[in-house]
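Trainee: A single structure is presented below for examination.
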Amino acid sequence: MSEVYDKLIKEDVDYNLFSDKIMEVVEKLNINKGDYLDVGCGTGSLSLIISPKFKCTWLVDYSSSMLSETFNKFKDENLKPTIICQDMCDLNLKHKFDLITCTLDAVNYIIGEDDLQRFFNNIYQHLNEGGIFIFDINSYYKLSSVLGNNTFVYDEEDIFYTWENSFEEDILDMYLTFFLKKDNFYERFEETHSERAYRDSKIEDMLHNANLIVGDKLDCYSSKKIDDYTERIVYVVKKNMEEQNGR
């Protein structure tokens, strides 16, 4: 999947838009540009843009093939991040960060609520005082109603694929069949992905349980506030220092 990931996602994702909004928030909140962590970094397209603005960059993903693509991208730009293959729910870096990002609905891929709570707890442990955590989710509305029990067909350059969805009990199962052109032939392969649809109120409760507070919620890296039809919710989160000091 890593070899076609960037080709597929570039049609839907404007990494420059995402990074511009993230850095706008960093500047607005006067966040120290010291240590940056991108969790669930994928092939590193977003962190590659943000990384030069920070002194140190750490990248975490569970897919070694994705991290291989990431390594090559950063090498081409003469950048040397710390790259770690690790399950983000078990995040354990023994280091704290000024900015942590987790984008492109990586959080929705955490199916178990206990696992997500553990992830948020670990984010708290890795966040510097005064640092921020910016992440996004596919909204409940998007997974249940826009994607839902629907089928999509895409015909891109050198790639043809079908995308069949099944939504049940807050879980969206996605069945993808790819035909990848190589020379004069098409190679077929299949993948299955699952995402949990989390309601905004549930996310806020779990963040609160991790002693994290939401500073802002945005509609897909814009300046718009979320509404019932927002498809990607962006959370800007920080430590609850009052609660910490009261312990």
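Cβ from N, Cα, C; glycine included.
Automatic, uncurated: that is what TrEMBL annotation is.
Straight from TrEMBL, here's the annotation block:
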type	residues	note
DOMAIN	37-131	domain 'Methyltransferase'
Trainee: Per DSSP, what is the residue count of the domain 'Methyltransferase' (37-131) in each of helix, strand and coil?
Mentor: 43 helix, 24 strand, 28 coil
Trainee: What average pLDDT is reported by the model for the domain 'Methyltransferase' (37-131)?
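Mentor: That region's mean pLDDT is 98.
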